[in-house]
Amino acid sequence: MHIKTALLLITGAIAATASRSWCGEVPAQRSYMYVGGQYTQNSAGQHVFANQMYVEKLTPTAGVTKPYPIIFIHGQAQTGTNWLNKPDGGEGWASYFLSQGYACYILDQTFRGRSAWFPGNGTLSVYSAELLQQRFTASQLYNLWPQASLHSQWNGTGVMGDPIFDAYYASTVEFLNSATYQQSTVQAAGAALLDHIGSPVILLSHSQGGLMPWLIADVRPNLVHSIVSIEPTGPPFQEAVFSNISARPYGLTDIPLTFLPAVTNPVTDLVKRVIPSNSSLYSDCVVQADSPAPRQLVNLAHVPVLVLTTESSYHAPYDWCTVQFLQQAGVPAQHLQLADIGIHGNGHMVFMEKNSLQVAAVLKQWIELMIFCGLEDLHDQIDNQENINAVDEFYGSALFAAVYKGNEQVTSMLLESGADVNAIGSVFHSVLQLASSQGSTSMMKLLLQAGANVNDEGGKYGTALVAAVSCNHKPALELLLAHGANPHGREGRSPLLVAAELGHIDLVDRLLEIEDIDVNFNTPLRQALKQGHETIAERLAADSRIDNEYAFHIAAAFGNLKIVQFLVEQKGIHTDSVSEWGKTAIIEALSSNSDETATYLLAKYAFDNPNCPARYGMSAVDVAAENGLENALRILLQKGGDISKNSMGSCMSLQLAARQGHERVVELLLEYGADPTAPPGEMPPLIEAAAHGRASVIRILLDRPDVDVNYRGRRNMTPLLHAAFSGHYEAVRVILESGGEVNSQNDFGATALSFAASCGFTNVVMLLLSYGAKTDIEGGSGSTALSSAVKYEHVSIVEMLFSHGANVNSTDTSREAPLYLAVWNRQEEMVRLLLRRADIELDPRSPENGLTRLELAEEEGYEEIVMLLLERGASQPKSSLEDQFLGICVRPNL
């Protein structure tokens with residue numbers, strides 16, 4: 001049967017399935033597991049297991065009939081339970097897809113639900129019931145975006161007190177505030193889950209969880225068949241609807257994705273442009289610029305993507321931007337807007353709404369079309385012998401596509417029909433390298449039998465052997481070695497180096513069995529230590545072929561006491577040896593932050609020059625102080641370490657320790673006579689501690705009678721000004737308790753209050769006001785605290801300043817009042833707040849351009865602000881008779 005005919009029949013069967021009514025819960029076998037995570041050690045030396053992710057597997061009792069399982073990824077404040085049932089008691093999407101023969105994996109994101117959270121993982125937040133009403137369940141009551149009024153599919157009223165809403169809100173949980181930590185841990189745990197499954201999967205995700213498939217597929221592209229993302233976090237590079245602040249520096253994520261060319265600094269490398277919206281219903285888009293050519297998401301280039309958007313959600317204005325970004329980056333992405341296929345009234349929580357199963361049937365149709373249509377191009381190429389090695393923009397050749405999809409039958413057909421087994425690809429240099437990265441030994445045997453070059457070089461991994469090692473496939477490694485693969489280095493990336501760097505201990509052991517393996521080539525030991533793979537590092541250090549001198553210095557540089565001891569006590573390395581870059585192991589250990597290693601070496605070696613240069617003009621004493629190495633520092637001071645003042649009049653060791661907040665080290669240096677003072681205009685330890693928020697160090701220093709709490713450093717900055725500028729609440733409090741002058745000003749007139757107000761440090765502002773900070777002193781660049789808070793839209797701080805007597809009409813050095821600034825910056829909410837003040841002056845003219853607030857708003861076209869000013873009573877100036885009729889007198893030149 002021709003593939004196109006088969007697709008038509010399949011499409012009809014899917015449509016028929018979608019039209020059947022739902023008849024109840026589907027029997028399934030249940031199991032669960034935890035994936036990802038690692039042991040971490042706390043300050044007390046105790047270990048806990050952290051960053052793991054809970055996964056529940058559901059297998060239909062009637063048997064799995066579909067080739068790819070579905071992994072369900074929930075959104076913010078949710079857990080995997082959202083996919084099981086709906087708040088109204090109806091069956092959820094997991095049950096629907098089980099009924100269609102899919103195995104289902106349902107996860108709780110890291111730190112969410114049944115995935116453990118510990119206080120050290122970061123702070124948590126929750127969503128209020130009001131926010132969920134406004135955005136998810138009753139948006140039609142609030143109309144916060146153009147499409148909100150169309151919402152009609154939530155079952156019930158969607159507000160507090162309705163039993164369905166209450167059941168939904170009861171299912172929400174707290175979530176991690178750190179987007180980067182959440183994304184990195186879900187990416188790692190998601191990769192571990194895909195490795196556990198071992199075959200391609202379908203990723204189905206929602207909202208905040210909607211960006212996770214980009215990250216997971218990026219690190220496991222061969223294990224993702226397709227992605228369905230329901231209203232994923234977006235749009236690219238910025239927020240929309242509720243704010244327009246910059247976000248997601250890598251476009252769709254906060255952490256790196258693999259671009260080609262590579263992105264080192266997303267701010268400069270990802271050149272952006274704005275695509276204006278052609279309708280008030282939609283947002284403008286920020287995407288990559290056309291020149292230079294947009295960077296490509298190479299690991300997603302072969303993964304079909306569907307982005308689904310509902311009719312009434314707050315995603316309706318901007319999901320098109322996400323699709324635009326994906327397509328521009330080479331991802332085969334499609335955008336399905338439910339309204340376009342006649343499904344109306346859904347909101348953001350579509351999978352919980354009345355018609356959720358109708359939407360699920362549509363997704364099933366797309367998924368199954370992707371499953372079957374992926375081979376259409378292959379069959380066409382096989383039928384056309386002249387085109388057997390033709391290349392397309394996604395797969396490369398047909399042979400690359402067949403190997404990528406793991407289809408051995410089609411691969412054999414292509415090879416028998418003359419496909420070039422050694423054809424060069426783009427990301428993967430050869431099909432053998434691609435199969436090796438997948439760990440498919442049966443596919444590899446097929447390719448090797450057809451004459452694949454086992455040592456062909458190029459592409460992402462360099463060689464097939466490095467590909468197998470990179471992806472931790474030992475059977476693939478063994479097969480390649482048996483066929484003569486070269487185990488030595490290529491351009492600095494040897495298989496042993498890669499195995500050590502990635503922590504693949506079994507592969508390291510196997511490679512070390514090779515008699516002539518070079519254990520020193522590009523230093524696998526260094527990479528193992530750098531990545532924290534201590535067991536691998538110990539095995540490499542113990543190998544008889546290792547360069548012991550180099551290993552000793554590398555171990556010292558990474559503070560690995562166990563290896564240092566082994567090399568000194570078992571292999572007889574002299575502790576006073578100097579590395580090839582001219583440093584002793586003691587200096588290296590001091591720089592590594594390892595007090596134990598540095599102390600051990602100092603005890604073994606009669607180190608008689610504690611003032612020797614270490615790095616960047618710092619002595620060994622300075623380095624030990626900066627890194628908080630109390631025991632090593634004590635030995636250095638006992639050996640005569642110099643803690644006198646430098647040419648700038650400060651004790652560098654004490655400055656460094658204060659900056660880093662090392663209390664015990666600060667006390668030790670003071671005990672040995674370090675002077676905490678400095679000449680005016682410099683950076684003494686107190687300034688360093690204040691600028692970096694080291695409250696406990698500030699207390700220690702201020703206990704000294706010779707330390708001035710109001711010391712004036714460069715540009716007349718006091719400790720209080722430094723602490724307030726950076727928002728260090730505890731440091732500010734300690735300084736104020738110790739007599740810090742709350743209204744002190746620097747050379748530019750800035751006060752602690754103006755700094756805190758401009759930066760939005762609400763708690764610091766409150767503290768300063770409680771100590772008598774004056775609200776109307778002209779601050780930095782001539783701005784008062786009030787004008788600074790207005791300029792940066794810190795509403796709560798503006799209200800706080802008003803409650804402490806701030807003058808709403810006060811002017812800065814440009815003689816502009818806060819209301820003028822708010823109008824100028826088109827800050828509608830701030831204008832509303834200021835207009836509520838009874839004593840607000842509405843009609844003064846700007847000394848800069850002579851305009852009143854109303855004239856400024858009219859000139860700039862700020863219609864909403866014009867209306868606010870008029871409603872509040874702003875005067876609209878009357879034009880003269882001459883002005884009214886001036887237009888009549890204008891005649892064209894004849």
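Heads up, the Cβ atoms here are built off N, Cα and C, so glycines get one too.
What TrEMBL annotates here:
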SIGNAL    1-18  signal peptide
DOMAIN    70-361  domain 'AB hydrolase-1'
REPEAT    397-426  repeat 'ANK'
REPEAT    427-459  repeat 'ANK'
REPEAT    491-513  repeat 'ANK'
REPEAT    616-648  repeat 'ANK'
REPEAT    654-681  repeat 'ANK'
REPEAT    715-747  repeat 'ANK'
REPEAT    748-780  repeat 'ANK'
REPEAT    781-813  repeat 'ANK'
REPEAT    849-875  repeat 'ANK'
Request  = Over the domain 'AB hydrolase-1' (70-361), work out the mean pLDDT and round it to an integer.
outcome  = 95
Message = Can you tell me which parts of the same chain pack against the repeat 'ANK' (616-648), counting only residues 6+ beyond its ends and a CB-CB cutoff under 8 A?
response = 586-587, 589-591, 593-595, 598-599, 602-603, 607-610, 654, 656-657, 659-660, 662, 664-665, 668-669, 672-675, 678, 682-683
Ask   = When the repeat 'ANK' (427-459) is classified with DSSP, how many of its residues are helical, how many are strand and how many are coil?
value = 17 helix, 1 strand, 15 coil
Query = Cβ under 8 Å to the repeat 'ANK' (654-681), counting only same-chain residues 6 or more beyond its ends: which ones?
reply = 618, 622, 624-630, 633-634, 637, 643-645, 648, 688-689, 691-694, 696-697, 700-701, 704, 706-708, 711-714
Query = Helix, strand, coil residue numbers for the repeat 'ANK' (781-813) per DSSP?
reply = 18 helix, 1 strand, 14 coil
Ask   = Cβ under 8 Å to the repeat 'ANK' (748-780), counting only same-chain residues 6 or more beyond its ends: which ones?
value = 715, 720-721, 723-725, 727-729, 732-733, 736, 742, 786, 788-789, 791-792, 794, 796-797, 800-801, 804-807, 810, 812-813
Query = Taking residues 6+ outside the repeat 'ANK' (849-875), which of them lie with a CB under 8 Å of any CB in it?
reply = 819-820, 823-824, 826, 828, 831-832, 835, 840, 842-843
Inquiry  = Summarise the repeat 'ANK' (715-747) as counts of helix, strand and coil residues per DSSP.
reply    = 18 helix, 1 strand, 14 coil
